[in-house]
Amino acid sequence: MADKVSSFWGPVTSTTEWCEKNYVYSSYIAEFYNTISNIPGILLALIGLINALRQRFEKRFSILHISNMILAIGSGLFHATLQHVQQQSDETPMVWEMLLYIYILYSPDWHYRSTMPTFLFLYGAVFAVVHSQVRFGIGFKFHYVVLCLLCIPRMYKYYIHTADISAKRLAKLYVLTIFLASLCWLCDRVFCTEISSWYVNPQGHAFWHVLMGFNSYFANTFLMFCRAQQLGWSPKVVHFMGILPYVKIQKPKTQ
């Protein structure tokens, strides 16, 4: 929410603002809670990246975890500045990330191996150029939702073909976190006027960031399990300190 306060970044130029008062705690951070709430997503993506590298998963998963980190960092920059350029550093990686998910989900059954990554790369590049020149507004949100919906049938197929109970639990946590995150996002947008009059702001958009950080981690871990199963790597879901799930694999000696 715009407020007449001193700011390092100058007037707001982004097309979107959220239900948090600007520059309350620092003249360098516009939306404090919406900025720091991206930290869990960065840390979870880092944990996933370390696991993917340590066990030598396919490079696609390392890139996926890195894209999660880039997205969280871009989101933090956007909410810290509320500038249009930084808004693009949040929104463009959102689209790139979904294109990467589409590749990981559909590539195992794609007969022409070079066509899908080529098309998705060109699509992502064209979108980035167009998005840098055009402010889509609601059009961007619609586009992003469509990309998300394209992933659902394949995720469901993976779920019903997975017998492992622990892996199925990851998929259920993925659904639960995206549902709760979407609820927080909607409440923050729809009821902002009412929330602004409350003594304590529940920071719905900040909770969206935290929940989506976990959502991406659960999705990535589930997909790593499914892919390891396809490759015959005997995956199993174990827990770090009995809490955070990750995939442990046992590759055949020939690999």
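Cβ atoms here come from the backbone N, Cα and C positions, even for glycine.
What you are looking at is a predicted structure, and each value in this text was computed from that prediction instead of being measured.
Just so you know, the Cβ of W18 (Ca(2+) binding site) picks up 22 other Cβ atoms within 10 Å once every protein chain is counted. The Ca(2+) binding site feature in TrEMBL is assigned to W18, E20, N22, E31.
H205 (Zn(2+) binding site) counts 23 other C-beta atoms within 10 Å of its own C-beta, drawing on all protein chains shown. Annotation source TrEMBL lists Zn(2+) binding site at H79, H205, H209.
Annotated transmembrane segment per TrEMBL: 32-50 (among others), in sequence order. Panel annotation: around the transmembrane segment (32-50), residues 18, 20, 24-26, 61-62, 65-66, 68-69, 71-73, 75-76, 79-80, 203, 205-210, 212-214, 216-217, 220-221, 240, 244, 246 of the same chain, lying at least six beyond its termini, place a Cβ under 8 Å from a Cβ of the stretch.
Packing against the transmembrane segment (62-82) from elsewhere in the chain are residues 9, 12-14, 17-18, 22, 28-31, 34-36, 38-39, 41-42, 44-46, 48-49, 52-53, 89-90, 92-94, 96-97, 100-101, 104, 209, 213, 216-217, 220, 223: each is 6 or more residues past its ends and has a CB under 8 Å from a CB in it. What TrEMBL records for 62-82 (among others) is transmembrane segment.
Under the heading transmembrane segment, TrEMBL lists 119-136 (among others).
Among the features that TrEMBL reports, transmembrane segment is placed at 171-191 (among others).
Feature annotation from TrEMBL assigns transmembrane segment to 206-226 (among others). Counting residues 6+ beyond its ends, the transmembrane segment (206-226) has Cβ neighbours under 8 Å at 20, 33-34, 36-38, 40-45, 47-48, 52, 57, 61, 64-65, 68, 72, 75, 101, 104-105, 155, 158, 162, 164, 167, 170-171, 173-174, 177-178, 180-182, 184-185, 188, 235, 237, 245-247 in the same chain.
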Cα-proximity to H205 (Zn(2+) binding site), 10 Å cut-off, over binding-site residues W18, E20, N22: W18, E20
Beyond the flanks of the transmembrane segment (119-136) by 6 or more, those residues with Cβ under 8 Å of it: 15, 84, 88, 91-92, 95-96, 99-100, 102-103, 143
Cβ contacts of E31 (Ca(2+) binding site) (under 8 Å, same chain, 6 or more positions away): W18, E20, N22, H79, A80, L82, H205
H79, H205, H209 excluded, remaining Cβ within 8 Å of their centroid (Zn(2+)): W18, E20, E31, Y33, N34, T35, S37, N38, S75, A206, W208
